Amino acid sequence: MNKAFEDFLGWTCANEWGSEETQKKTLNNGVTLSIWDSGVLEVTPSKPGKKDIVLSCAVHGNETAPIEICRDIINDIITEKQTVVHRTLFLIANPASINKGERFVEENMNRLFSGAHGNGKAHNKERERAAKIEQYVRRFYETAPEGERERLHYDLHTAIRDSKREKFAVYPFTHGKSYNKHQLQFLLACGVDTVLLNQAPTTTFSYFSVNEFNAHAFTVELGKVRPFGKNDRSKFAASEQTLRRLISEDSVDFGEFDPNKHFIFKEAQTINRMNEDFELNFADDVANFTSFDKGDLLARDGDKNLYALHDGEHIIFPNANVALGQRALLTVVRVPTESLELE
Ligand SMILES: O=C(O)CCC(=O)N[C@@H](CCC(=O)O)C(=O)O
Ligand SMILES: [Zn+2]
């Protein structure tokens, strides 16, 4: 076996900004593996089911649990321990940032999608890679068999801070389209009972798939950032098992929808850092989903004070060190699950 199929993650990291060496092989079980680039593996069963599934990890290189999960699923597919019935595209998005052990090399890749990689005068390898990844996703969805199909994309992450709600997903802005009950059930089976509803377009990877391909796509936060080998994989077992079921079963029954089992939050504010002189008004160890009340000071940006606008406004992804113009804090408020328009 050649190196890429023997150790896909290792080969990917050895070719950190890409490889033009495309490779293909068909397994004894009829599944065809096609490597389009480093970190880009298309898995095609001989008679593909109706789902086209994108599983991405390492958009941020230090978020290792999702990388370990994808690595293990890929290895099991290659060794035929894991069956696959639906076309699946695995994307290890930013291998150079894995090698560096950091969130990114030069620029946060998860702010470069939907063409943002071409904005302004900046050129860097992360921008080139984001542009290529967009093309791979397009190629994957657009080369699906004819007929009615379901496009899915789960972009797997872990968060920098502790979180009062361990696992949560970001539901990208749907432009008014209904939210999908079955997707909430899938997330729940992954152990993700908490969902944040974005209220506007973003330049994240998951929004790209929602907006350009009408996919059901989510940023999924599975736990906290830790180095390779330091993840307690038992905490990720439900997520990994559910992803394995998703790719290997024709259709997975996640049971009756019970609104009480889902905790839905709506974006209240996105606070972008606009000045060098920016600070958060709470400590670095304050966890995601800590609640503030209306009028509480959340941050100072230059000479502007930024306050909570509601009682029960929860903070998510606080980070004072982001580049100018980027999100330094998201705040959300709880909404009843029953208030959602669900399909
Ligand atoms: O913990 C943090 O501060 C960041 C974790 C992370 O990478 N989150 C994603 C969320 C993307 C989204 O809003 O859909 C990110 O910031 O890119
Ligand atoms: Zn991330």
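The backbone N, Cα and C atoms fix where each Cβ goes, glycine too.
Taken together, the residues of the domain 'Succinylglutamate desuccinylase/Aspartoacylase catalytic' (51-247) have an average pLDDT of 98. Per TrEMBL, the feature domain 'Succinylglutamate desuccinylase/Aspartoacylase catalytic' maps to 51-247.
Within the same chain, residues at least 6 positions away in sequence whose Cβ sits under 8 Å from that of HIS157 (Zn(2+) binding site) are CYS57, VAL59, HIS60, GLU63, PRO66, THR219, VAL220, GLU221, LEU222. Annotation comment: TrEMBL describes HIS60, GLU63, HIS157 as Zn(2+) binding site.
Within 10 Å of the C-beta of GLU221 (active site) we count 25 further C-beta atoms, all protein chains included. Positions annotated as active site by TrEMBL: GLU221.
Annotation comment: TrEMBL describes 264-334 as domain 'AstE/AspA barrel-sandwich hybrid'. Within the domain 'AstE/AspA barrel-sandwich hybrid' (264-334), the DSSP-based counts of helix, strand and coil residues read 0 helix, 37 strand, 34 coil.
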CB-centroid shell, 8 A cutoff, Zn(2+) site HIS60, GLU63, HIS157, site residues removed: CYS57, ALA58, VAL59, GLY61, ASN62, PRO66, ARG103, LEU156, THR158, ALA159, VAL225
DSSP-derived class (H/G/I helix, E/B strand, else coil) of HIS60 (Zn(2+) binding site): coil
